[in-house]
């Protein structure tokens, strides 16, 4: 699977792929990552990529020309590339989106800066637009990485143990049950005794109960979705 990051700040993004699971996936050629800088496509004398907002307003807006040319080149090389834009005004990215998008062969993330991207770019090139939450960041690179990570771990071969995907939060609308490590007792705090007895049927039942309690406490709306799903 190939990811293209359309960004003014490649250094912010590429460091994320220098360690751990995604680095290994790149080394195994399961994932491929490339970068496209809109500044390289600017036709202004000083490679300018932003301008003041038409109609007034604070701050600068990424102007259309560099992004139009960059994305035209991207689509010229691969007409099937799936282009994502990240903005807090869009729908929230969900686990089901990560699973669905993991089947795409090539995804591009367009990262905004300043006060955002000229809307004409989004209207022309966006296949999908997502938000990662109701808050504002200084740029789109971090949201792009969040979504890229969520997608990547659903790509076959990226995780060492693919079974771990099936028990994670949101796979059944319930949050994942609590996890514990060794030692079994630490500072007088013990792992639930049922975990230690080796009865896998009872362990599964306990995990389901703990998962349900956790969901009810932290995300009650997810519990309602789970009950609806059962019916």
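Using N, Cα and C of the backbone, Cβ positions are placed for all residues, glycine too.
Annotation comment: Swiss-Prot describes 112, 132, 133, 134, 135, 136, 137 as S-adenosyl-L-methionine binding site. Around residue 132 (S-adenosyl-L-methionine binding site), a 10 Å sphere centred on its CB holds 20 further CB atoms from the protein chains shown.
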Rank the binding-site residues 112, 133 by how many other Cβ atoms lie within 10 Å of each Cβ and give me the one with the fewest. 133
Near the Cβ of residue 136 (S-adenosyl-L-methionine binding site), how many other Cβ atoms are there if near means within 10 Å? 6
Between the binding-site residues 134, 135, 137, whose Cβ has more other Cβ atoms within 10 Å than any of the rest? 137
Between any two of 112, 132, 133, 134, 135, 136, 137, the residues recorded as binding S-adenosyl-L-methionine, what is the biggest Cα to Cα distance in Å? 16
